[in-house]
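S.K.: Mind having a look at this structure? Questions to follow.
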Amino acid sequence: MAKRTFSTLEAFLIFLLVIMTVITVALLTLLFVTSGTIENHKDSGNHWFSTTLGSTTTQPPPITQTPNFPSFRNFSGYYIGVGRADCTGQVSDINLMGYGKNGQNARGLLTRLFSRAFILADPDGSNRMAFVSVELCMISQRLRLEVLKRLESKYGSLYRRDNVILSAIHTHSGPAGFFQYTLYILASEGFSNRTFQYIVSGIMKSIDIAHTNLKPGKIFINKGNVANVQINRSPSSYLLNPQSERARYSSNTDKEMLVLKLVDLNGEDLGLISWFAIHPVSMNNSNHFVNSDNMGYAAYLFEQEKNKGYLPGQGPFVAGFASSNLGDVSPNILGPHCVNTGESCDNDKSTCPNGGPSMCMASGPGQDMFESTHIIGRIIYQKAKELYASASQEVTGPVLAAHQWVNMTDVSVQLNATHTVKTCKPALGYSFAAGTIDGVSGLNITQGTTEGDPFWDTLRDQLLGKPSEEIVECQKPKPILLHSGELTIPHPWQPDIVDVQIVTVGSLAIAAIPGELTTMSGRRFREAIKKEFALYGMKDMTVVIAGLSNVYTHYITTYEEYQAQRYEAASTIYGPHTLSAYIQLFRDLAKAIATDTVANMSSGPEPPFFKNLIASLIPNIADRAPIGKHFGDVLQPAKPEYRVGEVVEVIFVGANPKNSAENQTHQTFLTVEKYEDSVADWQIMYNDASWETRFYWHKGILGLSNATIYWHIPDTAYPGIYRIRYFGHNRKQELLKPAVILAFEGISSPFEVVTT
């Protein structure tokens, strides 16, 4: 056998892995006592649990309040409430969640992230549901449990685990750090209570606003296909599905968008909920700006259209663009190619003749990732706008819900009269480490790897222990890189207990799945639920998949796709029969709703809530201004004059933006203001939620930093005199005293914008 050699990157990563493991084990030994660190969040009764060790935010025990509900009366329609709130969290000193790329930390803000809540209730108030679309990569179990606890403390039994869905849009440009399972905490470089609290507060605020705004209204539904925004990023895996099944569909991606139009009884617009299958990865893994990617841009455009005269994130109309079965769907429609040669990649392995898998990348339709995001997002928005305008089929019928917690590591699946199979403890395969054509890993591991590597296997066994024969056999043909389901220090590395949930609104069934279904998985999943409803009398149901809901469990491929072990299959953590298990579980929910036997269903084993988590590995240090300068001072002024289409760039003496996430009243890092002669004052025209602005933080040494604000002047900008303001918070630390966070601001010199 030839001697094994490693690239410089691989050798460095091996060294880094060993060092990190030694440090982690030492820290865990010192910091954690695993006994007595698990709490269960119940959905009835009052209780209070410590959020985390070293929490930066403390709260008093909740006091159950009697909410002021609308005075319900009979009418044809539903009570409808919509709400939106900021849930951005940290925009610095934290990993961006999604690509898993080392060093892809947040360094600023392209646009704020929002939680959008939609409450739909029967006219008599007997039943209701809350669907919350959150601009995050995924929903963590910890987020959901905390939100449910706070909802119970404020609203009693009105909003519960069965009628509240939290669904993430899956942007790969949002902050990490809000998880409780060890694998995700390590990927986040620790737990950020600052970000966790910010997100929870944003979700809660959006629900509070929707609850307060409940009013009589009507719901209309529409569907249509979206063209020129998707490709299947694992087409060779898709082809492994039966030809007879593939022949039923015209494409290897789901092109259908489903739209709900929400209006009051006078026909005035209230909001929109849209579900569509696409990965928000138009912003690639070189990005360091927090943003909501293509689906967030679609929501931004729709809300700006409906909320004329309001700044982004403000105004009464709320547009939620939610995720669906996006597992193998990419927006990078120019497809994969070898970036060093321009050649086509190998289709099965996504690798290149020269440079290997790290050179095989897909690209979007724009000149850069920003333009690609705009192009894809605008097409999605335009289709949603068209479907919204023409929606005429009214949704009628009761609001119903069913939910269970399930141990996904031990589900017996009856395939047919003679064959029963089981799910597995979680494990990730080798191809998980390869990444995808949307974001390659840099390691010399290819997609479609069906055999392990002796070196990596030995290194894993020495550091983490050897996978059991049981998990190896159960996960076949997956070669196990990480047997996460057998790792429990300091806490389990991936979840065992997950949520399965269906909420129906009339003839619409929303199936909240805790993961990423591939295209064909989603088709089988929807079809099975629809048939189950029909079997028990609820015919002609429309089933929509709400992806990445309630807890994250990676991917869900078909059994056939699993055999190829590309990225999505290697990331199907509960083994080859994961999809069959979910179909069986959701059929049970559909049957219970259709037969009015939900009350007879077991709630299932409650998920844990871990109290003591690994704190952020990035320390808090005091901010400093250069000698002779103050925070907010201008270092690089604006030019006296700009034309429409040019970019204004102003640099200020800055401070770490994560300080602002601790301030509950902080609303923006910047404003672009125009002087109005008619009122002799400055008027805000843009803020940091505007896609025309960018806020970038340059981290220096010893607490020094700069903040650069960019304004890309749009064609719609009015000529006149403008200025840019910067709002920040600096951390001040005096000897033997607790740190304090102080607000400051900076103002640029005025400049003129001209049209010619």
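Heads up, the Cβ atoms here are built off N, Cα and C, so glycines get one too.
These figures come from a predicted structure and were not determined experimentally.
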S.K.: Just to confirm what the record says: which one of ASN407, ASN416 has N-linked glycosylation site annotated in Swiss-Prot?
M.R.: ASN407
S.K.: Which one of ASN74, ASN444, ASN600 gets the tag N-linked glycosylation site in Swiss-Prot?
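M.R.: Record lookup in Swiss-Prot returns N-linked glycosylation site for ASN444.
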S.K.: From ASN193, ASN232, name the one Swiss-Prot lists as N-linked glycosylation site.
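M.R.: Out of ASN193, ASN232, Swiss-Prot attaches the N-linked glycosylation site annotation to ASN193.
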S.K.: Hey, Swiss-Prot has Ca(2+) bound by ASP688, SER690, THR693. Any idea which of LEU96, LEU110 it lists too?
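M.R.: Checking LEU96, LEU110 against Swiss-Prot: the Ca(2+) site match is LEU110.
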S.K.: If one looks at the chain holding ASN407 (N-linked glycosylation site), which residues at least 6 apart in sequence have a CB under 8 angstroms from its CB?
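M.R.: Listed in sequence order: ASP496, ILE497, GLY604, PRO605.
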S.K.: Please list, for the region 'Required for correct folding and localization' (746-756), how many residues fall into helix, strand and coil according to DSSP.
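M.R.: For that range the per-state counts are 0 helix, 6 strand, 5 coil.
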S.K.: What is the separation, in Å, between the Cα atoms of THR693 (Ca(2+) binding site) and TYR555 (Zn(2+) binding site)?
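M.R.: Each residue's Cα considered, THR693 (Ca(2+) binding site) and TYR555 (Zn(2+) binding site) end up 34 Å apart.
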S.K.: What is the Cβ neighbour count of CYS345 (disulfide bond) at a 10 Å cut-off, with all protein chains included?
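M.R.: Taking every protein chain into account, the count is 21.
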S.K.: Return the member of HIS279, TYR555, SER690 nearest to CYS424 (disulfide bond) in space, with distance defined Cα to Cα and candidates limited to these binding-site residues.
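M.R.: Ranked by Cα distance from CYS424 (disulfide bond), first place goes to TYR555.
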S.K.: When the pLDDT values for the topological domain 'Lumenal' (33-756) are averaged, what is the result?
M.R.: 94
S.K.: Among the recorded positions listed here (HIS170, SER330, ASP688), which has the Cα closest to the Cα of CYS360 (disulfide bond)?
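M.R.: Nearest by Cα distance to CYS360 (disulfide bond): SER330.
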S.K.: If one measures from the C-alpha of HIS170 (Zn(2+) binding site) to the C-alpha of SER330 (active site, nucleophile), what distance in angstrom results, rounded to a whole number?
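M.R.: Taking the Cα atoms only, HIS170 (Zn(2+) binding site) lies 12 Å from SER330 (active site, nucleophile).
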S.K.: Taking the recorded Ca(2+) site as LEU110, ASP688, SER690, THR693, identify the other residues of that chain whose CB atom sits within 8 Å of the mean position of the site's CB atoms, giving them in sequence order.
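M.R.: Apart from LEU110, ASP688, SER690, THR693, the close residues are LEU109, THR111, ARG112, PRO312, LEU670, TYR686, ASN687, ALA689, TRP691, GLU692, ARG694, PHE695.
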S.K.: So, in DSSP terms, is ASN444 (N-linked glycosylation site) helix, strand, or coil?
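M.R.: In the DSSP reduction, ASN444 (N-linked glycosylation site) maps to coil.
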